[in-house]
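Colleague: Annotations for this protein, taken from Swiss-Prot, read as follows:
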- GLY19, PRO20, THR21, ALA22, SER23, GLY24, LYS25, THR26: ATP binding site (BINDING)
- THR21, ALA22, SER23, GLY24, LYS25, THR26: substrate binding site (BINDING)
- 44-47: region 'Interaction with substrate tRNA' (REGION)
- THR110: site 'Interaction with substrate tRNA' (SITE)
- ARG132: site 'Interaction with substrate tRNA' (SITE)
- 168-172: region 'Interaction with substrate tRNA' (REGION)
- 253-258: region 'Interaction with substrate tRNA' (REGION)
- 286-293: region 'Interaction with substrate tRNA' (REGION)
Amino acid sequence: MSAVPHATPSPTTIACLLGPTASGKTAAALALAARRPIEIVSVDSALVYRDMDIGTAKPSRDERASVPHHLIDIIDPADAYSAASFRADTLRLIGEIAARGRTPLLAGGTMLYYKALTQGLNDLPGADPDVRATLDAEAERDGWPALHARLAQVDPDTAARLAPNDSQRIQRALEVFMLSGQPMSVLLAAPRRTDDAAAAYRFVPVALEPSDRAVLHKRIAQRFDAMLDAGFIDEVERLRRREDLHPDLPSMRCVGYRQAWEFLDGDTDYRTMRDKGIFATRQLCKRQITWLRAMPERIVVDCIAPDSTARALDALERVLDGRTPG
């Protein structure tokens, strides 16, 4: 008598609410929380930082009290948080939330994190404080354009897509080369490293996208002005008073913070700071939408429709109830 093979369990469906800045993700997530026992896992590289509340449009205390939120306020602005850390933390949290009999909802707009979660990681070396300190010292002496020129010699493909003053990415690309001996462009082109941890899940993205980008741009300007009115400049000033923060840290390169830092340094006036902050947010939005449109499996909801929250709620419930293809 032949043995009966064990059936492979079907992967658990995980609803993911993705969208650019100012697309209404928080409203849709809270609407779902009013209907189901969910816990929200943030997919946002800015919300991880403590003491950065206004400029990141962090959910309010009341909103966070109404439904559990995860991966918010988990590290200090002086520290770094990687896509690999996000992947490990999120997979752990999904299991813990399910064990409590609740439903995880992934929500955010950092598409690099989502890609790392669903497609695996590249074999890039981790950050090395000593290498970074060396590169910082060289940049202080020679300037970032000089380091960009050095990068062009060892990794011309990466250098070609970076501006000569893009300190964070130039530093990372040189760091990768110094630690691995290989150009970052070569490592990124290699097959991604995967494991079985994510194979137990089927991630279904519900994408909030604008049918008219001009409407979203208007929202972005209104939101940036609201942040300024709420005390954003004071928030950045408090961070500046710390002796361990500087504008090249990942935290201070978040949209808005870098522009506010330049203003407080006296490099720009208030109007220019506002305009540059809004422009940078619009550019971020453009990149986020480009990432979303590269996901053929996504369920699209028009985020500027009058009933966009209701539409997003319906899409999320269909995903959770298994009423979607795939």
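Placed from the backbone N, Cα and C atoms, the Cβ positions cover glycine too.
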Colleague: Go through 168-172, 253-258, 286-293 and flag the stretch with the largest number of C-beta pairs under 8 Å relative to the region 'Interaction with substrate tRNA' (44-47).
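Modeller: Most contacts with the region 'Interaction with substrate tRNA' (44-47): 253-258.
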Colleague: Residues of the same chain, at least six outside the region 'Interaction with substrate tRNA' (286-293), with any C-beta under 8 angstroms of its C-beta?
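Modeller: Result: 18-21, 109, 111, 115, 205, 207, 209-210, 213.
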Colleague: Could you work out which of the recorded positions (LYS25, ARG132) has its C-beta surrounded by the smallest number of other C-beta atoms within 10 A?
Modeller: ARG132
Colleague: Compute the mean position of the Cβ atoms of GLY19, PRO20, THR21, ALA22, SER23, GLY24, LYS25, THR26, which form the recorded ATP site, and then list in sequence order the other residues of that chain whose Cβ is within 8 Å of it.
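Modeller: Apart from the listed residues, the neighbours are GLY109, LEU208, CYS303.
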Colleague: Please list the DSSP helix, strand and coil residue counts for the region 'Interaction with substrate tRNA' (44-47).
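Modeller: Per-class counts: 0 helix, 0 strand, 4 coil.
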Colleague: At the Cα level, what's the spacing in Å between ARG132 (site 'Interaction with substrate tRNA') and THR110 (site 'Interaction with substrate tRNA'), rounded?
Modeller: 24
Colleague: Based on Cβ atoms within 10 Å, give me the single least packed residue among the recorded positions THR21, SER23, THR26, THR110.
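Modeller: Relative to the other recorded positions in THR21, SER23, THR26, THR110, THR26 has the fewest Cβ atoms within 10 Å.
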Colleague: Around the substrate site formed by THR21, ALA22, SER23, GLY24, LYS25, THR26, list the extra residues of the same chain whose Cβ is within 8 Å of the site's Cβ centroid.
Modeller: GLY19, PRO20, ALA27, GLY109, LEU208, CYS303
Colleague: Ten-angstrom check, please: count other Cβ atoms within 10 Å of the Cβ of PRO20 (ATP binding site), all chains counted.
Modeller: 28
Colleague: On the 0 to 100 scale, where does the mean pLDDT of the region 'Interaction with substrate tRNA' (44-47) fall?
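Modeller: The predicted confidence over the region 'Interaction with substrate tRNA' (44-47), as a mean pLDDT, is 97.
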Colleague: When the Cα of THR110 (site 'Interaction with substrate tRNA') is compared with the Cα of each of the binding-site residues GLY19, ALA22, SER23, GLY24, LYS25, which one is closest?
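Modeller: That would be GLY19, the closest of GLY19, ALA22, SER23, GLY24, LYS25 to THR110 (site 'Interaction with substrate tRNA').
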Colleague: Output, ordered by sequence, the same-chain residues six or more apart from ALA22 (ATP binding site) with a CB under 8 Å from its CB, or 'none'.
Modeller: LEU216, ARG219, ILE220, ARG223, THR281, CYS285
Colleague: Please work out the helix, strand and coil residue numbers for the region 'Interaction with substrate tRNA' (286-293) from the DSSP assignment.
Modeller: 8 helix, 0 strand, 0 coil
